[in-house]
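Asks: Please read through the structure below; I'll follow up with questions.
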Amino acid sequence: MTTGSSKNQVDNFSIHGHSIGEVYNIPMTAINRPIPSILDREKVEGMKKAMQTEEQKDDLTPIDVHHVQYKGEDYYFAFGGCHRWAAHKELGKEKIRGKLINTPPSMIKNYLGASSPFKDV
Ligand SMILES: Nc1ncnc2c1ncn2[C@@H]1O[C@H](COP(=O)(O)OP(=O)(O)OP(=O)(O)O)[C@@H](O)[C@H]1O
């Protein structure tokens, strides 16, 4: 499965986010990351460098953020994007570019089991 012929298009592919156009600047404190990251330091450093370079600062693909509405509250979860997340954290960024994927609470419960905040779905 490819989305285009150039390497960049293939690299930028996201199963969840590719059909979503809107990109938001999301406060990082609003996003839950339930899975600890295992990082390739070279990759994080490369991203930090790109973010600090005028021509490349917008090159990083937005991360996929699952948006759950549950009992009138909004919840945000990110499972991937580990290196982009680390690069933003280490540069002291407060917001990260992301695409919002409307996700039912039952799906988060499937992923997280007993650790899910959504118990009765
Ligand atoms: N050094 C870099 N400079 C600019 N863009 C980069 C750089 N490294 C990766 N990217 C781009 O950033 C996006 C995310 O890359 P990648 O999926 O490898 O990282 P990630 O945030 O760790 O995600 P995951 O947790 O799924 O590994 C891709 O679109 C990739 O092309």
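Think of each number as a place in line: the chain as shown, counted from 1.
Yeah, the Cβs are placed from backbone N, Cα and C, and that goes for glycine too.
Straight from TrEMBL, here's the annotation block:
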type	residues	note
BINDING	Gly81, Cys82, His83, Arg84	ATP binding site
DOMAIN	24-111	domain 'ParB-like N-terminal'
Asks: Within 8 Å of the Cβ centre of Gly81, Cys82, His83, Arg84, which other residues of the chain have their Cβ, at the recorded ATP site?
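Replies: Here the nearby residues are Ser37, Met47, Ile63, Gly80, Trp85, Ala86, Ala87.
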Asks: So how many other Cβ atoms are close to Arg84 (ATP binding site), meaning within 10 Å of its Cβ?
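Replies: Excluding its own Cβ, Arg84 (ATP binding site) sees 21 Cβ atoms within 10 Å.
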